[in-house]
């Protein structure tokens, strides 16, 4: 009995640790603006990797105690991690093989991407700081992918996984809507613009992510996930609705289970079943209105288009879902369109009381009308059903017309943003050709777009996730990402087709925007296949307990676990029946009552008896045990290494921010030195410190920082300024040329460089050094001619993409006159 309690303790502890980490990732994504700014993520990443290391260590130590105690402790944990739950799951062997391959790809590609960034970091990338940031990000993504897949095969974690998904979507949508109503204060929840090409109303909802397009894509993901849940539920015949409740996820799952338990009873229990049915139905429909309203208020044409394309693609495949989807979405979409028109007139700024009343009234109306339409559509037949569908279609049509009429100019008129992105893509492709196979390391575009741009635009994001991966990791990294997306799509298509639309939104919208710069999108991308696996296991666990399956006993029938690829006999009472896992090379007896039956876990390096209450000596394979112990130890150590790395970065960022806020120069120097000691890879810290040091110390510091960022335009310009203030015109010209090679469309740099050469020439001539003085004057004239040529070329192209206002300035004209006068005098 003691061993059973210890076994349950280890198993439940691991389950709740994994579930807690998934919840922590969701909370972090909300509080850290979608995990976009890496410098804000350092404390969170430190805590994350420390917890991952502790979790790995806990598993290894806990199972080690089990081994020394003879096998009682940890057996349940082993089964939880291997997914061998003793449940009969019938599927074809070929399909299981494909599922295993897809899962291996899904879990291994993040580790491959992480390894590629580590290789870049060791061999000297374009930006050591950017590559470190991507290493930390992909360490988070890889560990999260493993955690959600573990959650998918555990009953307790599965519920945490589903509920956390729903709560994350509701928190993101409701926080944005409440900010519009004036209830919640979010500084950048609403984005303002004076350009009609950017916003038809001048305001767009950005939510916690502070970028309307990305926020719109996230809302489209959550909306389509919930919309297809409702469509699948009401799309089946009425008699099978109870069976479908087992596949419900998120809000309404527990109510659906209560509904199924209460069905079939009479009297009071029948009334309770009816109430449970209504409650579960309302909970399923509850998130549709806030998701739709938030999506419309973003005015994101890309999010709207990708959501429509994703819906169309799946509905062409699953045509039986068209009618229930029309019924489920008609009322929420119509109410959200009305809310959009009202808030657009008010500039997304309402008083709290009127705003809350409007929001609550439309939400309640959409909820009740949606429930009525769904039930009538499913229960009616013939003319009545056709009338319900016509009414639902009318609701969709009216809502679409109301929204499109409001934004028709943005849709039908010319768009400068579309042409600007085409310019980004051309420049990015030319940059990618320079390092096509392995790329140039993390954040390549952010640190090199000034050198690659063919026009003076402003765009530190390439607005294409696939191009961003190509620039960072070349075709090798891009091929790995595409393979992972194919594996995830295959899993969703075979296990839960209703999850394909939100997945397609992520895949398609990343083509036209920088969604993948937000860590939240990667979390959602790994979350969706995990939900599909959870639904698949829930469905087959429910099917295995069906009475009909219990009456058939076969000595040769088998079943297969899709996550672990374990083949087990359908009859657990047959002696000597075994299961084999090709992924872990494990042979496991299925009958827990058979003596000497054992199983081995790859992750924990443990050979366990199938019956945790009976201890028998087991044979061990020393090479496999050593390998698995090595893998577990490596995972623990690597998590610790990433934790230490993120902690150093967090300390460096903390001291840098303190230095920026300080007004005392001596205190500022001390803080910046501490910041650089913790994180010597940060170029902005080196630049800030160099401006407070003397000439030689400043130059030495900047040269040292160039080792970590060899093509940083700001570092090159700082060195050029240091040399211009000295008596070394040759070195000054060298670093000026380097800086302009990395950033040529910069008015301020051109003017300062020309002025610097003029002042150096005047100084040399005043000292009597005529030769060097005239060389400086001639160099200034050459810079002026080059500046004039670039400005004239840009003026001839028009001002559409001249975001940096690159042109000849009055200061440049004045410097031209001064240079001419000085040349005439000497």
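Using N, Cα and C of the backbone, Cβ positions are placed for all residues, glycine too.
TrEMBL labels come from automatic prediction, so no person has curated them.
Looking at the stretches 86-104, 105-123, 238-256, the one that TrEMBL records under the feature transmembrane segment is 105-123. Range with TrEMBL annotation transmembrane segment, chosen from 452-468, 503-519, 520-536, is 520-536.
TrEMBL tags one of the stretches 397-420, 421-444, 469-492, 541-564 as transmembrane segment, and that stretch is 469-492. Long-range contacts of the transmembrane segment (12-36) within its own chain (CB-CB distance under 8 A, at least 6 residues past either end) are made by residues 44, 47-48, 51-52, 55, 58-59, 62, 77, 80-81, 137, 140, 143-144, 147-148, 150-151, 154, 156-157, 160-161, 164, 167-168, 171-172, 175, 208-211, 214, 218, 517-521, 523.
Beyond the transmembrane segment (42-61), the same-chain residues lying 6 or more positions past its ends with a Cβ under 8 Å from any Cβ of the stretch are 13-14, 17-18, 21, 24-25, 28, 32, 77, 81, 136, 139-140, 143, 603-605, 629, 632-633, 635-636, 639-640, 642-643, 646-647, 649-650, 653. Across the range of the domain 'O-antigen ligase-related' (361-481), the DSSP-based residue counts are 92 helix, 0 strand, 29 coil. Within the same chain, residues 26, 29-30, 199, 202-212, 215, 218-219, 222, 225-226, 251, 287, 290-291, 293-294, 297, 343, 348-352, 355-356, 358-359 sit at least 6 positions outside the transmembrane segment (168-193) and bring their C-beta atoms closer than 8 Å to a C-beta of that stretch.
Using the rule of three or more Cβ pairs under 8 Å, pairs at least 6 apart in sequence, the transmembrane segment (520-536) is in contact with the transmembrane segment (213-234). Away from its own ends, the transmembrane segment (630-650) comes close to residues 39, 42-43, 45-46, 48-50, 52-53, 56-57, 59-60, 132, 135-136, 139, 143, 602-605, 678-679 of its chain (Cβ-Cβ under 8 Å, at least six residues beyond either end).
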